[in-house]
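Annotated in TrEMBL:
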type	residues	note
TRANSMEM	6-29	transmembrane segment
TRANSMEM	71-93	transmembrane segment
TRANSMEM	99-120	transmembrane segment
TRANSMEM	140-157	transmembrane segment
TRANSMEM	177-196	transmembrane segment
TRANSMEM	253-270	transmembrane segment
TRANSMEM	282-302	transmembrane segment
Amino acid sequence: MNVLTLLFNFLIFPGFLFLTVIGMFLTFLDRKITARIQWRVGPPWYQPYADFLKLLLKEVIIPVNSSKLTFLFAPILSFLSALISGTMIYYFLLYPQKSFLGDIIVILYFLTMVPVGFILGASSSRNPLSACGASREMTLLISYELPFIFALLIPIIKAGGKIKMGEIILAQTNLPFLYSLSGIISALTLLFIFQAKLGYVPFDIAEAEQEIMAGTILEYSGVCLALFKLARAILLLSLPALLISLLWPARNIFTFIIKFLIIFLLIVLMKNTNPRLRIDQALKFFWFILGPFSILGIILVLSGL
């Protein structure tokens, strides 16, 4: 791979330009569907882009007592982590033969660093409401990471212990892993975890506007706030693609779009049909319900189901 190809893949497709433009369009679809469910009209298609441009023109206000370097670095960390993980997911989806050993572990690492950026930024602002949001985000991260790992282990085991995304995709040439009991358990587990990673109801606890006034991003404005929102938009585009890659590969672009939209609609419907959980309820759900549920999936896959 030459330098020009590498730059094109990272900056244009399937990297920065693709992830940001389509990711922001998905936030429009999310808001439009939510509005229709609530019997509202909803925003025009260009609203996310207008909001993003507006934030770019706003002043970045840094709290007086904050740790300035960490405060400014945190949104960059979240954005770059989302960008790198999203680029890897789509690149290996397009070119499975070019994946490398342990790429799933690298993707998992960068997906974990996205909420870490929110935690660092909120903690560095020295705002008590932001600190509360950081505490909640950290609790959520600790609670859902283990079920997330278990859910990822299921397709890895079904592929014969391979930890290369390309080999997992190619192992499903005849039959997707989703069409099995363990595959269904993995998919359901991932759907709930995606809600938490996206900050969607019922796991929007770290930013609960009615309780802690946006929590982790309360003190952010301007470009920094835009980067945080862009990170979430990229996740909205890349997380369904991760599920498709590991459990439900598409044979062509049309079937991929259909499968993607099905997963996307499930995420939006879950967001709009559930109340927000308390942090203790979320912790119990991930540890005592989703955790054992994902372990059951591992037992089933080891049993050949």
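Along the chain as shown, residues are numbered 1 onward.
Positions of Cβ are set from backbone N, Cα and C atoms, glycine also.
Listed as Cβ neighbours of the transmembrane segment (253-270) (distance under 8 Å, sequence separation of 6 or more from its ends, same chain) are residues 26, 29-30, 33-34, 191-192, 194-195, 198, 200-202, 236, 240-241, 243-244. With a threshold of 8 Å between CB atoms, the same-chain residues lying at least 6 positions outside the transmembrane segment (99-120) that come near it are 70, 73-79, 81-82, 84-85, 88-89, 92, 133-134, 137-138, 140-141, 145, 148-149, 152, 156, 163-168, 197, 206, 216-217, 228, 231, 235, 242. Long-range Cβ contacts of the transmembrane segment (140-157) within its own chain (Cβ-Cβ under 8 Å, at least 6 residues beyond either end) map to 104, 108, 112, 115-116, 119, 163, 168, 177, 182-183, 185-186, 189-190, 192-193, 196-197, 203, 205-206, 246-247, 279, 282-283, 286-287, 290-291, 293-295, 297-298, 301-302. Here the transmembrane segment (282-302) has long-range neighbours at 139-140, 143-144, 146-147, 150-151, 153-154, 157-158, 180-182, 185-186, 188-189, 192-193, 196, 202-203, 205, meaning same-chain residues at least 6 beyond its ends whose C-beta is under 8 angstroms from one of its own.
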